[in-house]
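**Student:** Handing you this structure, nothing more for now.
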Amino acid sequence: MDEQEKDRIREEFEASRSKGAEQQQAQQAQAPQQEGPAEGCVIKNVIGVVSGKGGVGKSLVTGILARELSRRGAKVGILDADVTGPSIPKMFGMSGCHAYAQDNLLVPLETKGGIKVMSANLVLENEDDPVLWRGPVVAGAIKQFWGQCAWGELDYLLVDMPPGTSDVALTVFQSLPVEGVVIVSSPQDLVQMVVGKAVKMANMMDVPVLGLVENMAYVTCPHCAEKIFPYGPSRLQETADHFDLVALGQLPIDPVLAAACDAGSFEQSVPDGLLPEAVQTVIQVAELTAALAGRDA
Ligand SMILES: Nc1ncnc2c1ncn2[C@@H]1O[C@H](COP(=O)(O)OP(=O)(O)OP(=O)(O)O)[C@@H](O)[C@H]1O
């Protein structure tokens with residue numbers, strides 16, 4: 001190999017190395033930086049509640065987890081990241097209420113039981129207004145609800161995720177330090193394996209799946225308390241096994257619960273002790289995270 005040939009190879013090597021470095025820099029610039037909560041806020045654990053598609057009871061499960069954790073003495077917040085279809089404020093009797101800003105931070109509203117809530121509905125002038133925001137605006141709102149919100153000190157921030165596997169859902173995973181997600185599914189979705197979409201999304205984003213909840217699994221007969229399975233026998237365990245997940249419990253179709261969500265009296269009306277396995281799993285994850293970080297749970 002003559003000197004000229006050596007120079008050519010050296011130049012090519014240098015060129016490809018600097019191109020690689022440029023590409024790496026560009027990728028780093030594109031990846032959204034995960035920012036912490038606002039100054040002075042301490043949020044110990046962030047847990048997401050997701051579903052493969054909308055309307056399966058994600059907000060209901062978020063509400064149950066929040067109330068159960070709060071009932072056990074934890075400081076709990078709910079970030080309603082379901083920006084285009086927010087249901088949390090209505091469930092907790094906050095219809096028509098508005099969040100205000102103080103020192104450049106949004107101040108979350110508190111439920112009667114002390115759960116802090118931030119939602120698009122609390123910043124819209126009229127809660128019936130449709131949210132006709134494009135993806136980046138929705139993503140910006142979620143980031144603001146996380147990083148520019150006066151959450152104070154929280155043991156748990158539960159994130160009611162946007163339904164399905166849209167880019168907005170990905171933004172939440174990229175912007176917030178979500179420790180794990182609970183997947184909510186309806187009986188029909190278990191049959192159609194819609195759950196798989198949520199599992200894949202979590203895997204792609206490297207977020208652990210804490211387990212699977214089946215909502216609207218059965219109806220309890222008001223006369224004899226027999227459980228009736230209108231969609232056929234439950235596929236919860238089978239689906240959980242298929243995706244190597246933990247089955248975290250079932251909820252019945254409960255007209256009392258539906259009415260309470262509509263009337264805004266969810267927090268007062270929901271029975272105690274629902275979804276015990278799911279609640280216990282969230283607590284265990286928090287304890288594990290605290291132990292790994294060398295701090296109190
Ligand atoms: N187990 C249940 N029994 C009775 N009604 C229920 C039950 N689960 C959910 N619902 C009702 O179904 C509707 C949708 O529930 P919810 O808002 O929790 O679903 P979601 O998955 O969060 O929906 P979206 O994707 O639109 O945000 C609500 O009116 C709620 O009250």
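Including glycine, each Cβ sits where the backbone N, Cα and C put it.
Dumping what TrEMBL says about this protein:
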type	residues	note
BINDING	Gly52, Lys53, Gly54, Gly55, Val56, Gly57, Lys58, Ser59	ATP binding site
COMPBIAS	1-20	compositional bias 'Basic and acidic residues'
COMPBIAS	21-37	compositional bias 'Low complexity'
REGION	1-37	region 'Disordered'
**Student:** Filtering Lys53, Gly55, Ser59 (binding-site residues) by proximity to ligand 1: which pass a Cβ cutoff of under 6 Å to any of its atoms?
**Tutor:** Gly55, Ser59
**Student:** Which of Gly52, Gly55 (the binding-site residues) has the most other Cβ atoms within 10 Å?
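**Tutor:** Answer by Cβ density within 10 Å: Gly52.
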**Student:** Using the centroid of the Cβ atoms of Gly52, Lys53, Gly54, Gly55, Val56, Gly57, Lys58, Ser59 as reference, list every other same-chain residue with Cβ within 8 Å of it (recorded ATP site), in sequence order.
**Tutor:** Ser51, Pro163, Val184, Ser186
**Student:** Taking the Cβ of Lys53 (ATP binding site) as the reference point, list residues of the same chain whose Cβ is under 8 angstroms away and which are at least six residues distant in sequence.
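**Tutor:** Set apart from Lys53 (ATP binding site) by at least 6 residues yet with Cβ under 8 Å, we have Pro163, Gly164, Asp189, Val194, Lys197.
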**Student:** Among all the protein chains here, how many other CB atoms are within 10 A of the CB of Gly54 (ATP binding site)?
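**Tutor:** Here the count is 12.
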**Student:** Count the Cβ atoms, other than its own, that fall within 10 Å of the Cβ of Ser59 (ATP binding site), considering every protein chain shown.
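**Tutor:** Its Cβ shell of radius 10 Å holds 25 other Cβ atoms.
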**Student:** Show which residues of the chain containing Gly57 (ATP binding site), separated from it by at least 6 in sequence, have their CB under 8 Å from its CB.
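**Tutor:** Correct list: Ser51, Val184, Ser186, Asn215, Met216, Leu251.
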**Student:** Quick one: among the binding-site residues Val56, Lys58, which has the most Cβ atoms sitting within 10 Å of its own Cβ?
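**Tutor:** Selected residue: Lys58.
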**Student:** According to DSSP, does Ser59 (ATP binding site) sit in a helix, a strand, or coil?
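**Tutor:** In three-state terms, Ser59 (ATP binding site) counts as helix.
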